[in-house]
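Asks: A single structure is presented below for examination.
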Amino acid sequence: MQGKKPGGSSGGGRSGELQGDEAQRNKKKKKKVSCFSNIKIFLVSECALMLAQGTVGAYLVSVLTTLERRFNLQSADVGVIASSFEIGNLALILFVSYFGARGHRPRLIGCGGIVMALGALLSALPEFLTHQYKYEAGEIRWGAEGRDVCATNGSSSDEGPDPDLICRNRTATNMMYLLLIGAQVLLGIGATPVQPLGVSYIDDHVRRKDSSLYIGILFTMLVFGPACGFILGSFCTKIYVDAVFIDTSNLDITPDDPRWIGAWWGGFLLCGALLFFSSLLMFGFPQSLPPHSDPGMESEQAMLPEREYERPKPSNGVLRHPLEPDSSASCFQQLRVIPKVTKHLLSNPVFTCIVLAACMEIAVVAGFAAFLGKYLEQQFNLTTSSANQLLGMTAIPCACLGIFLGGLLVKKLSLSALGAIRMAMLVNLVSTACYVSFLFLGCDTGPVAGVTVRYGNNSARGSALDPYSPCNNNCECQTDSFTPVCGADGITYLSACFAGCNSTNLTGCACLTTVPPENASVVPGKCPSPGCQEAFLTFLCVMCVCSLIGAMAQTPSVIILIRTVSPELKSYALGVLFLLLRLLGFIPPPLIFGAGIDSTCLFWSTFCGEQGACVLYDNVVYRYLYVSIAIALKSFAFILYTTTWQCLRKNYKRYIKNHEGGLSTSEFFASTLTLDNLGRDPVPAHQTHRTKFIYNLEDHEWCENMESVL
């Protein structure tokens, strides 16, 4: 006994020393773990970056008309600026998504954010490289109080600058225009890695059942960005464009004056700063987060085997993926694989259908929402600022809430692939019904002198309509601008000049022949339509419901997509998704909606002898065509959702689900399905408290294409 004590004591001492050393090493490891090893911190950083991205994109839209007036641009030029972002994004998205999955994703995202910040700063640069704005040269014919009135006997023929000079300036090549295009291309290039790499990074480091919630939060912030962008645009355009260079107290115009140009450049500087600082956070995250980096995750994972989170995910649960990039291959060889990988993804009917369905859903948003402000102005006689303010405070926040609720429902209900696609189908049907109701919510154009009715309120059609009448022939009225006025006779006139008003107080209007001369006056704005206010309130409520419900389909669609490809192709699959979203969902729809809206025009403005913008629409035809295009796209999306559901459903042999939710990918392939036990009975009953199903593979390609059907 005594002989053993020294040995035992020595052994115990060595054991204690080893345990002490191990404890010290563990303490050092714990001390080395930083906040950047937490996926939730990455989520916050990614949300900040996507919020800034959404803000700068919407801000550009909010100041497009300001840019048009500031740099004498035409509408086609402004359209090119708006589409330059997508061009820059399309140029690199496939390459970044493919090679980025093998690189340091957080750093690539951070680099993209810095490039976006540079693009935002360059967007503001034209204001500092050009001359100061001279609003006296901004208009050709305006009265002393900024109103277009009848000018008889050439009383204002010598007012203002030479019209020919203004026309030449407006059509001249503008280097600032090219700089704006280059800045937007940079913004598009910088945005390339943010979404696909960010989504795949989050999905790789959270539990399967939590992935939908995290991704839902991510896209909620992306959609919330436009609300911030519109609000920022409303604020900046109320500040004079050269406020930092001149004393604004000497200005004799206000933001309500059509000659006013706001400080459009200020928002780009603010967005650039936000993009830069949110990008810096990305450089602190590791290439791959350590397991159990979140202390609160262990208790949540207790119901699942711990080994699921300690070992790497299999490529497809059966074999190494044949298209997995080989790190030893040269860059040229890897580039040659990209077409094969793309073909491989598109040969998966589930992947293809869900991507096309997402494109149709985004097409509705990109087309319908792009002209929604204009639609509210035309249908319900709202001002531009009021329309943008309502959109920023109602429809966009509801869409944000819908995306978040969609991700939350997928998580709480533990929806499988079939459950998620059923949810998308149901959401699509309800939102389509909301769009159908829009067909009946609107206002008529009303009587407009010389356009829908003759002067004197006599109905007429076709060639009998002419805005020029004997009562205003000598007024030299121009159609380069649209400043409608409502006459005491209840008829809308294109301007006070077309109403024959010879005074800036809008009295003595010769064309109001149905009222006594002393009452022949007009007030600014269109004449109100009966019942329009009630229709607008109903439209606003239905729009909120439609935005809320329609947005709930986004997260289930993304979840289905990333579950139908192998993990090593996840980032590239998301890149293909965002590529097709831009090719099919963002670029064509505004052109289609815009062409359809232009076809309903009743009266076009003219500038410098050329056709300008439409100033008056047939509201009924406008409403039917505008809403019908959206309904057609939503219906096509429903057909694609149904096809996806059929592709999944016909390949199930058995689907059994209990109360505890989803079976992880590794558990599914490791415990219930391999190439050796295909056709055999599933794992015995000791595998309880899990979602179980046997997936009836039609061929080996389905095994490679479908990582899981959770």
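From the backbone N, Cα and C atoms, a Cβ is placed for every residue, glycine too.
Here the structure is a predicted model, which means the values were calculated and not measured.
Below are the features I grabbed from Swiss-Prot:
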type	residues	note
COMPBIAS	1-15	compositional bias 'Gly residues'
DOMAIN	465-513	domain 'Kazal-like'
MOD_RES	M1	N-acetylmethionine
TOPO_DOM	1-40	topological domain 'Cytoplasmic'
TOPO_DOM	101-106	topological domain 'Cytoplasmic'
TOPO_DOM	204-222	topological domain 'Cytoplasmic'
TOPO_DOM	287-344	topological domain 'Cytoplasmic'
TOPO_DOM	411-414	topological domain 'Cytoplasmic'
TOPO_DOM	563-571	topological domain 'Cytoplasmic'
TOPO_DOM	649-705	topological domain 'Cytoplasmic'
TRANSMEM	41-60	transmembrane segment
TRANSMEM	80-100	transmembrane segment
TRANSMEM	107-131	transmembrane segment
TRANSMEM	175-203	transmembrane segment
TRANSMEM	223-243	transmembrane segment
TRANSMEM	262-286	transmembrane segment
TRANSMEM	345-366	transmembrane segment
TRANSMEM	387-410	transmembrane segment
TRANSMEM	415-438	transmembrane segment
TRANSMEM	540-562	transmembrane segment
TRANSMEM	572-597	transmembrane segment
TRANSMEM	631-648	transmembrane segment
Asks: When only pairs 6 or more apart in sequence are counted, do the transmembrane segment (175-203) and the transmembrane segment (572-597) reach 3 or more Cβ pairs under 8 Å?
Replies: yes
Asks: If we call contact 3 or more Cβ pairs under 8 Å (sequence gap 6 or more), are the transmembrane segment (345-366) and the transmembrane segment (631-648) touching?
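Replies: Answer yes: the transmembrane segment (345-366) meets the transmembrane segment (631-648) with 3 or more Cβ pairs below 8 Å.
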Asks: When the topological domain 'Cytoplasmic' (411-414) is classified with DSSP, how many of its residues are helical, how many are strand and how many are coil?
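Replies: Grouping H, G, I as helix and E, B as strand yields 2 helix, 0 strand, 2 coil.
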Asks: Three or more CB pairs closer than 8 Å, sequence separation of 6 or more: does that hold for the transmembrane segment (572-597) against the transmembrane segment (41-60)?
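Replies: Between the transmembrane segment (572-597) and the transmembrane segment (41-60), contact is absent.
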Asks: State, in range form, which of 80-100, 107-131, 262-286, 415-438 has the highest count of Cβ pairs under 8 Å to the transmembrane segment (41-60).
Replies: 262-286
Asks: In terms of Cβ proximity under 8 Å, which residues at least six beyond the ends of the transmembrane segment (80-100) contact it?
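Replies: Residues 57, 60-61, 64, 67, 73, 108, 112, 177, 180-182, 184-189, 191-193, 196-197, 325, 334, 338, 341-342, 571-572, 574-576, 578-579, 582-583, 586-587.
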Asks: Excluding the flanking five residues on each side, which residues at least 6 beyond the ends of the transmembrane segment (262-286) place their CB within less than 8 Å of a CB in that stretch?
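Replies: 34, 36-37, 41-42, 45-46, 48-49, 51-53, 55-56, 59, 62-63, 66-67, 70, 106-107, 109-114, 116-118, 120-121, 123-124, 126-128, 190, 229, 232-233, 235-241, 243, 255.
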